[in-house]
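The structure under discussion appears below in the form of structure tokens.
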Amino acid sequence: MAGSDTAPFLSQADDPDDGPVSGTPGLPGSMGIPKSTEPEVPDQEGLQRITGLSSSRSALIVAVLCYINLLNYMDRFTVAGVLPDIEQFFSIGDSSSGLIQTVFISSYMVLAPVFGYLGDRYNRKYLMCGGIAFWSLVTLGSSFIPRERFWLLLLTRGLVGVGEASYSTIAPTLIADLFVADQRSRMLSVFYFAIPVGSGLGYIAGSKVKDVAGDWHWALRVTPGLGVVAVLLLFLVVREPPRGAVERHSDSPPLSPTSWWADLRALARNPSFILSSLGFTAVAFVTGSLALWAPAFLLRSRVVLGETPPCLPGDSCSSSDSLIFGLVTCLTGILGVGLGVEISRRLRRSNPRADPLVCAAGLLGSAPFLFLSLACARGSIVATYIFIFIGETLLSMNWAIVADILLYVVIPTRRSTAEAFQIVLSHLLGDAGSPYLIGLVSDRLRRSWPPSFLSEFRALQFSLMLCAFVGALGGAAFLGTAIFIEGDRRQAQLHVQGLLHEAGSTDDRIVVPQRGRSTRVPVSSVLV
């Protein structure tokens, strides 16, 4: 990294604009200064000098964050893995079962902005340590609730959201401050592998621990012990990198946090961030619904087909579908996340809109396969699993790409707030309400039909078909993101370099050095 260079580092490798463009003289990428003179992204030695961390230490930090992310989702879906047993133990219906996940997501959603604000201003490592320690204690306590206190289970699941909000809003911003360009994309893909893998392990651990112990309560006692290990690893391994240092030059002034309201106004004026968040909301709606209800739906399908005896009061419910669905979730997650990142990386060389277009293709492609999986369930459980496998693979293509979009269209001092805002939006309109909504629709349909195992199956089948429609809407939001992605990325790059003066919605201008003095020109004259 040459200190005399004043062109901004690129947030993404393989920038498609490799020739001069019209604009203001003196700006990178404008007429008179070709793109070829811009510096390369920093190598390993440059990153080590900027962050103060060796490449092996940075990789170890990412590994710790991945472990905690895996544990996070493992805990979230352990409940889904033993849901039929929970329904029998507390004598509750589908709507109350859906409420378990809805209460947790709602708490997580409400607390995310608080930790987003703190994460942009205070030590992120200690915030995560405190949140995960609290989450582990509450999760352990939830395994001792008597059958007469279902409301207490709802309360403890809500408190679990404290720990998860403290982690999910902050961890991706640490990765963003350790790596740039393709390195960042690869590390994010590794980080987001933990979501489907952890979710799958939650189903597997929940069902197998219940079978071994003979009591579903023990399934909730696995992750708290692993949470203690996570806190120790965070405290001993993770170090706080400087915010945004890897994206600016040594001679650029450090970015200072602005007020929370200024952050929100800036995010609201960022169409790529808003539209990609809406697209991700559709992903959350679909995955939240499937995560909670797919094992129960598959069990009801087997009962209707005569392959499995019904789950009657006092009996232990079959956990085979929780185990199989967990394995499918792990495999489709690994395949989908890796496939999405690799396709996007290759297409980005020729198409600057590759990221949102790949996300759109994944969502629009998953919708018909998820619909077919539901439609075929009464005829063939094998066909159902095949269509679920394809649909979940396409759906998983979004995870790492959406995170990458957020990190390169939002400046470093707003990223935790942006993560929090995206969490609020995606959960408020997505998986906070979708499990409860699916269960509520299912209960209403069952009331209009004669009581039978077939009625229970059909009610849940019809209510889950809503997921395919929501997935198509999410694909449309990502297509909208593709319209704005280039300009918003360039604007964030210029802001990091101190070339963008932000003085309100009516006075966003670029500061251009002109013979010893600064001259302001409109953003529109230089943004492509």
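Backbone N, Cα and C define each Cβ position, glycine as well.
Feature annotation (TrEMBL): of 75-96, 273-294, the stretch labelled transmembrane segment is 273-294. Tallying C-beta pairs under 8 angstroms between the transmembrane segment (99-119) and each of 165-181, 188-206, 323-344, 356-375, 423-442 places 423-442 first. A contact between the transmembrane segment (381-411) and the transmembrane segment (126-145) is absent, since fewer than 3 of their C-beta pairs, 6 or more residues apart, lie under 8 Å. Between the transmembrane segment (462-485) and the stretches 165-181, 273-294, 323-344, 356-375, 423-442, the greatest number of Cβ pairs separated by less than 8 Å involves 356-375. Among the stretches 165-181, 188-206, 356-375, the one making the largest number of Cβ pairs under 8 Å with the transmembrane segment (323-344) is 188-206. Ranked by the number of CB pairs under 8 Å to the transmembrane segment (165-181), the listed stretches 126-145, 218-238, 273-294, 356-375 are led by 126-145.
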